[in-house]
Amino acid sequence: MLNITPIPALSDNYIWAIQKDNDVIIVDPSDAVPVLAFIAKNQLNLTAILLTHNHHDHTDGMPELLSRYPQLSVYGPQEVAQFANRIVQPEDHLTLFDYDVRVIESAGHTAQHVSYLFGNEYLFCGDALFSGGCGRVFTGNYQAQFDALQRFKALPEFVEIFPAHEYTLSNLKFAEAVLAPSCALFEIQERAEILRSRNQPTLPTTLERELQINPFLQAVDLDQFIALRHQKDNF
């Protein structure tokens with residue numbers, strides 16, 4: 001079993017620290033300072049970094065981390081080749097911490113965005129999927145983003161999902177506006193408000209939960225997804 005900890009960074013980022021014993025893998029380091037502090041405080045060995053896509057709020061910590069750990073294994077798609085020395089492709093399989101890690105194509109937000117699924121248990125999805133939402137489609141390729149969501153929907157419902165941003169409350173306000181009222185949505189929104197009032201993360205989430213509250217996962221076809229995405233972009 002892995003110990004997974006969110007390292008808060010910037011205004012709303014989570015850098016995920018995946019820990020096994022005294023070793024740690026870092027996902028999408030937007031800032032090196034909190035990562036280095038976390039490693040030092042917990043006396044950990046940094047063994048690898050996983051990058052999901054090439055936006056600065058996921059990679060800005062890389063220069064400092066690579067200067068400290070020049071031999072580090074860094075996994076990521078071609079669009080982060082300036083930092084990654086292990087280029088991954090969709091449906092590649094890695095072995096990390098004795099887990100089979102599947103690389104899932106998650107394009108749309110960026111052209112080569114990927115997600116990492118640890119043994120059908122833990123999904124690190126960057127900006128492809130949020131609690132109650134999904135990433136903006138900066139590429140304009142709505143088909144790719146819709147297809148990514150279908151891949152996520154096909155996973156076991158017990159999978160824990162680790163997005164890179166704390167967007168849950170704003171996403172749930174949109175969900176409340178476009179979905180039929182439900183006990184699940186009300187209860188999850190209430191829980192999220194309590195957690196944020198205590199400055200605690202609302203993440204991780206689960207696929208089971210997201211299927212109940214995430215409008216984008218409920219879109220039945222591409223046209224409905226595009227309409228929802230345009231609504232959210234202007235919400």
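Even glycines carry a Cβ here, placed using N, Cα and C.
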From Asp92, Asp98, Asp127, grab the residue that Swiss-Prot records in the same Zn(2+) 1 site as His53, His55, His109.
Asp127
Same Zn(2+) 2 site as Asp57, His58, Asp127 according to Swiss-Prot: which of His93, His165?
His165
Beyond the site residues Asp57, His58, Asp127, His165: chain residues whose C-beta lies within 8 Å of the centroid, for Zn(2+) 2:
Asn13, Asp28, Ser30, His53, His55, Gly126, Ala164
Assigned element (helix, strand, coil) containing His165 (Zn(2+) 2 binding site), judged by DSSP:
strand
Whole-number Å value for how far Asp127 (Zn(2+) 1 binding site) lies from His58 (Zn(2+) 2 binding site) (Cα to Cα):
9
Minimum Cβ neighbour count within 10 Å among the binding-site residues Asp57, Asp127: which residue?
Asp57
